[in-house]
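Comments concern the structure below.
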Amino acid sequence: MIQVLLVTLCLAVFPYQGSSIILESGNVNDYEVVYPRKVTVLPKGAVQPKYEDAMQYEFKVNGEPVVLHLEKNKQLFSKDYSETHYSPDGREITTYPLVEDHCYYHGRIENDADSTASISACNGLKGHFKLQGEMYLIDPLKLPDSEAHAVFKYENVEKEDEAPKMCGVTQNWESYEPIKKASQLNLTPEQQAYLDAKKYVEFVVVLDHGMYTKYKDNLDKIKTRIFEIVNTMNEMFIPLNIRVALICLEIWSDKDKFNMTSAANVTSISFRNWRATDLLKRKSHDNAQLLTVIDFDGPTIGKAYMASMCDPKRSVGIIQDHSTINLMMAVTMAHEMGHNLGMDHDEKYCTCGAKSCVMAKALSRQPSKLFSNCSQEDYRKYLIKRRPKCILNEPNGTDIVSPPVCGNELLEVGEECDCGSPTNCQNPCCDAATCKLTPGSQCADGVCCDQCRFTRAGTECRQAKDDCDMADLCTGQSAECPTDRFQRNGHPCLNDNGYCYNRTCPTLKNQCIYFFGPNAAVAKDSCFKGNQKSNNHTYCRKENGKKIPCAPQDIKCGRLYCFRNLPGKKNICSVIYTPTDEDIGMVLPGTKCEDGKVCSNGHCVDVNIAYKSTTGFSQI
């Protein structure tokens with residue numbers, strides 16, 4: 001018989017009703033003081049770690065006993081998690097802190113099947129829990145020698161302002177290309193296997209200089225807040241079979257890395273470009289979000305690129321630090337990542353079992369951590385059509401923070417498979433007790449694994465997503481689909497309206513639609529002649545800092561000119577020009593400028609010359 005030692009850290013539970021108090025979460029008008037009692041079951045003689053893998057707290061809410069069960073979120077960080085900040089002279093400082101024994105938990109309330117919890121146990125209990133359909137927040141009261149905490153409903157937090165808070169995304173990623181509901185599609189076994197596979201988003205959070213100064217240069221305070229927010233984000237995506245793992249936190253402690261502006265669209269483009277040219281070269285990741293103190297124009301508090309997960313330029317979001325309540329920030333960040341994963345804004349008919357769902361266009365004063373049925377359908381549809389590969393990349397066994405454990409459904413060092421506990425495992429290819437393949441099995445999971453055997457060579461495992469993609473085939477030697485292949489640069493696309501360039505099909509029309517909306521069109525040639533003038537914003541390229549006007553044959557490779565086609569208004573030659581980032585609004589490299597020609601370094605050149613190299617083709 002195993003002897004256990006019950007360790008009780010606080011024996012008393014004294015409820016107390018308060019009228020008003022100021023906490024980190026804001027001004028609270030009605031709260032209850034509780035003294036949580038922690039009960040930990042340990043084998044006799046066992047050493048108690050600083051933060052146990054599982055904990056249990058008891059306290060009362062509205063006079064009724066509550067038992068809070070917590071489990072450490074072992075998937076919050078990757079082993080190679082890093083933190084980057086900058087010295088006053090701009091020197092990059094990157095550290096790799098030990099994060100295994102962290103203090104961030106998910107949980108539930110005993111005897112409440114609909115309950116959830118996201119809690120930081122670093123210094124008392126801080127976070128939120130859902131009890132009997134109501135969202136409660138809990139904050140430690142900073143009293144000397146006291147275990148007192150305040151518990152209060154979210155609705156009792158004094159609202160910071162009454163202005164609406166909205167997402168800046170306006171375009172449905174399939175506005176012009178409707179398809180059937182994902183549930184109605186006839187899926188191939190490979191598509192179904194892809195849908196069923198666990199997904200992992202390797203996530204980077206970047207804080208601008210304003211965030212650093214807002215928290216009075218206190219790096220520890222900033223980190224704690226971000227960890228609490230991402231812990232909640234992680235919990236929100238679990239029902240979608242996604243793990244959000246924080247792999248890097250970057251803090252611009254010296255200065256902003258580009259000029260910040262209140263125009264969300266411009267800041268989004270600037271952050272996108274900085275990530276592609278700087279951050280990705282230093283830290284491989286799937287998705288990044290910028291948190292800023294900038295008050296975006298209008299009601300906008302966030303913006304992201306639709307259906308862009310894994311895209312080296314577009315898998316980003318920008319977030320305004322609009323609330324002191326971590327739950328509100330987590331919902332906003334999850335909302336923008338939802339856009340990256342193909343989710344549109346909810347319509348009136350969308351439901352999630354709460355008053356508002358994550359993908360509502362306006363942030364509700366009663367936020368929910370649930371994605372609607374529409375969001376889940378959008379996500380499935382996006383996965384089926386786009387199949388973003390990076391989110392299939394499970395963290396390497398050596399990258400997982402916790403020690404290898406057979407039965408946790410994570411493939412770790414020394415394991416051939418891991419289908420969960422023997423009770424829950426339903427995979428006939430995997431021995432749940434040993435995490436080894438069953439006799440005769442070649443594989444247990446993967447899009448090229450069928451009934452425990454490698455799929456026949458030549459079987460399609462990844463459909464072509466568009467004209468510049470190529471279908472990928474199983475090799476017959478692996479359960480995984482080979483590396484994604486793409487059409488060579490210069491391959492015709494979009495009905496010969498463009499040429500493939502670095503996996504995309506850039507056209508003048510699509511660039512006009514991006515900047516000016518779905519009614520926009522390419523302007524007349526007479527507008528583009530403005531690029532022949534030598535002024536501040538019309539030119540073809542820069543040489544040694546000098547702006548070079550376009551030659552007559554190159555005018556469609558300089559500044560982009562569009563017609564907005566606004567109802568009741570005369571079309572004028574419209575351009576986008578931002579002094580803080582002059583590249584915004586220029587025609588993209590690889591864009592078709594004439595039949596058989598593309599833009600290359602501000603010149604309109606023959607497509608075969610632009611992409612020719614010793615191997616036949618190269619990038620511009």
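Here the Cβ of each residue, glycine as well, is placed from N, Cα and C on the backbone.
Features reported for this protein in Swiss-Prot:
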{"type": "BINDING", "residues": "GLU202, ASP286, CYS390, ASN393", "note": "Ca(2+) 1 binding site"}
{"type": "BINDING", "residues": "HIS335, HIS339, HIS345", "note": "Zn(2+) binding site"}
{"type": "DOMAIN", "residues": "199-395", "note": "domain 'Peptidase M12B'"}
{"type": "CARBOHYD", "residues": "ASN259", "note": "N-linked glycosylation site"}
{"type": "CARBOHYD", "residues": "ASN265", "note": "N-linked glycosylation site"}
{"type": "CARBOHYD", "residues": "ASN373", "note": "N-linked glycosylation site"}
{"type": "CARBOHYD", "residues": "ASN396", "note": "N-linked glycosylation site"}
{"type": "CARBOHYD", "residues": "ASN502", "note": "N-linked glycosylation site"}
{"type": "CARBOHYD", "residues": "ASN536", "note": "N-linked glycosylation site"}
{"type": "SIGNAL", "residues": "1-20", "note": "signal peptide"}
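The structure, with features from Swiss-Prot marked on it.
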| residue | record | Cβ within 10 Å |
| --- | --- | --- |
| GLU202 | Ca(2+) 1 binding site | 23 |
| ASN265 | N-linked glycosylation site | 20 |
| ASP286 | Ca(2+) 1 binding site | 23 |
| HIS335 | Zn(2+) binding site | 28 |
| HIS345 | Zn(2+) binding site | 22 |
| ASN373 | N-linked glycosylation site | 15 |
| CYS390 | Ca(2+) 1 binding site | 19 |
| ASN393 | Ca(2+) 1 binding site | 14 |
| ASN502 | N-linked glycosylation site | 15 |
| ASN536 | N-linked glycosylation site | 9 |
Cβ-centroid neighbours of Zn(2+) site HIS335, HIS339, HIS345, 8 Å, sequence order: CYS167, VAL169, ALA304, GLU336, GLY338, MET343, ASP344, VAL358, MET359, LYS361
Spatial neighbour of HIS339 (Zn(2+) binding site) that is closest, considering only the recorded positions ASN259, ASN265, ASN393 and their CA atoms: ASN265
Cα-Cα distance linking ASN259 (N-linked glycosylation site) and ASN265 (N-linked glycosylation site), given in Å to the nearest integer: 13
Where GLU202 (Ca(2+) 1 binding site) sits in the secondary structure, as DSSP reduces it to three classes: strand
Euclidean distance between Cα atoms of HIS345 (Zn(2+) binding site) and ASN259 (N-linked glycosylation site), Å: 29
CB-centroid shell, 8 A cutoff, Ca(2+) 1 site GLU202, ASP286, CYS390, ASN393, site residues removed: TYR200, VAL201, SER284, HIS285, ASN287, CYS310, ILE391
Neighbouring C-beta atoms (10 Å sphere around the C-beta of HIS339 (Zn(2+) binding site)): 26
Candidate recorded positions GLU202, HIS345, ASN393, ASN536, pick with smallest Cα gap to ASN373 (N-linked glycosylation site): HIS345
By Cα-Cα distance, the member of recorded positions HIS335, HIS345, ASN536 nearest ASP286 (Ca(2+) 1 binding site): HIS335
ASN259 (N-linked glycosylation site) CB neighbourhood, other CB atoms within 10 A: 12
Distance, ASN536 (N-linked glycosylation site) to CYS390 (Ca(2+) 1 binding site) (CA atoms, angstrom): 40
Cα separation, HIS345 (Zn(2+) binding site) to GLU202 (Ca(2+) 1 binding site) (Å, whole number): 24
